Amino acid sequence: MLYHVAQQCVSGLTRIPLTPRRQQSTRSTPHTALLVSEGFHCRWSDILSLMTFRKADQLYGDVALVIQSQRNSYHARRAGQRKEEILQQAAQLRQGVPVVLLLHELSEYEGDWSILPVLPHLYANYGQSASWFFFIEEETRVTLPALLQVLHRYQAQKEWFLGKHLHDNEASIIHHYAFSEDPGSFSYPDPAAGWALSTPLLQRLTERIQYEHLKSDFTIDLEHEIALYIWEEGAGPKLTAVPEFCTERRENCATTFTTYLPNCGDPVSKKDVFVAVKTCQNFHSDRVPVVKATWEKDAEFLEFYSDVTDASIPTISLGVPNTERGHCGKTFAILRRFLKVLTFQVFLIYYSCFLCSGCRMVLSRAAVSRLISSGCSCYSDDAPDDMVLGRCFTSLGVPITHSPLFHQARPDDYSETLISLQQAISFHKHWNIDPVAVYKHWLQDTHPRDEL
């Protein structure tokens with residue numbers, strides 16, 4: 001409302017930016033001249049308000065928000081809703097329109113989810129207009145005025161990497177035991193709270209990526225690996241902690257977070273879900289009993305698959321010998337059995353070497369059917385089954401949906417701040433822990449249900 005009042009009173013006003021010149025005294029040099037008509041009447045406070053409003057208008061255009069979305073229809077819809085919320089918020093404030101981008105729409109390259117490959121695209125298309133690039137999750141809520149106020153504290157012409165600090169309490173396998181002598185000395189951003197790059201830093205990262213090319217390697221823990229890449233063994237900036245980037249709601253927060261557990265509608269009935277547990281004779285006496293003592297009772301239909309038949313468990317042998325690694329041959333044998341013998345609509349593969357609710361993959365019957373009929377298969381029995389499945393599904397155009405609730409390490413290998421936000425589905429490894437105690441603390445459902 002103030003904008004319209006001020007706009008009426010300055011109908012005879014012209015605003016001219018001044019060219020900077022060498023100062024002749026200690027007095028500050030004005031940046032703007034105002035030319036007024038002889039009949040001009042207006043309160044000075046209205047003029048200042050209008051100029052402040054226009055400055056804010058420019059600031060909103062200085063920020064590009066990138067929502068780390070996925071192609072899966074549910075996640076694409078949630079990201080689209082978050083984008084619309086941000087744009088509606090900006091429209092209500094009448095202070096300009098920020099750029100809001102959905103990560104999965106930026107290119108057809110599946111590897112964009114790992115962020116680094118898409119940075120050159122962001123810089124080439126938005127680096128000339130935006131001063132900041134702010135990355136958020138689908139469920140991260142943003143308060144635009146607070147975000148702009150936070151970013152305004154930092155000189156945008158310098159290299160900045162901003163976020164909410166996370167750090168390891170002990171050396172972690174998922175971080176390749178980096179900083180093992182002092183794990184708390186290195187910080188990485190909490191993705192749920194959002195994190196920001198200034199455009200000068202984005203420019204340098206883009207130049208480095210284009211010059212060196214990214215290694216064709218796999219990503220284990222995204223935010224930690226981004227922070228390592230930016231730090232560049234001391235040549236780049238470390239993460240600067242921003243207390244206003246929040247997960248739990250409190251005063252002065254620019255961001256907050258809702259939940260990692262999606263509300264996808266009615267749960268799937270347990271009667272429609274088949275659970276396959278991959279094991280081998282070596283683990284029949286120690287790891288299989290852990291499954292039976294914890295979550296086996298929650299599965300309506302479950303079978304153990306091994307390299308030998310053991311009636312005491314019982315296990316089913318599919319004629320595939322055990323391998324030291326990979327286990328691709330056994331996985332595909334289970335998939336073929338699922339299609340030929342079983343009629344369930346959802347298929348879960350568990351590993352007895354995975355802790356408790358150690359669900360590694362969740363596949364629909366339609367996806368398994370398309371995979372097997374395509375002829376895509378293992379190049380050897382000990383090929384890495386997860387990588388082969390990823391390659392096959394990508395070539396078939398079947399989107400692979402990521403959930404941070406599936407963990408590939410122990411709870412101790414993750415920041416407690418991060419996993420405390422989650423309703424975890426799985427953890428991995430029995431090493432140096434009591435798996436039953438971990439199950440009871442992190443995974444046990446205190447309210448048993450008939451659906452998943």
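Quick reminder: no glycine exception, Cβ is built from N, Cα and C everywhere.
Annotated features in TrEMBL:
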{"type": "DOMAIN", "residues": "128-248", "note": "domain 'Fringe-like glycosyltransferase'"}
{"type": "DOMAIN", "residues": "267-336", "note": "domain 'Fringe-like glycosyltransferase'"}
{"type": "TRANSMEM", "residues": "342-363", "note": "transmembrane segment"}
{"type": "DOMAIN", "residues": "354-433", "note": "domain 'Fringe-like glycosyltransferase'"}
Grouping DSSP H, G, I as helix and E, B as strand, the residues of the domain 'Fringe-like glycosyltransferase' (354-433) number 29 helix, 13 strand, 38 coil
Please count the residues of the domain 'Fringe-like glycosyltransferase' (267-336) that DSSP assigns to helix (H, G, I), strand (E, B) and coil.
25 helix, 17 strand, 28 coil
What is the pLDDT of the domain 'Fringe-like glycosyltransferase' (128-248) when averaged and given as a whole number?
88
List the helix, strand and coil residue totals of the domain 'Fringe-like glycosyltransferase' (128-248) as derived from DSSP.
44 helix, 22 strand, 55 coil
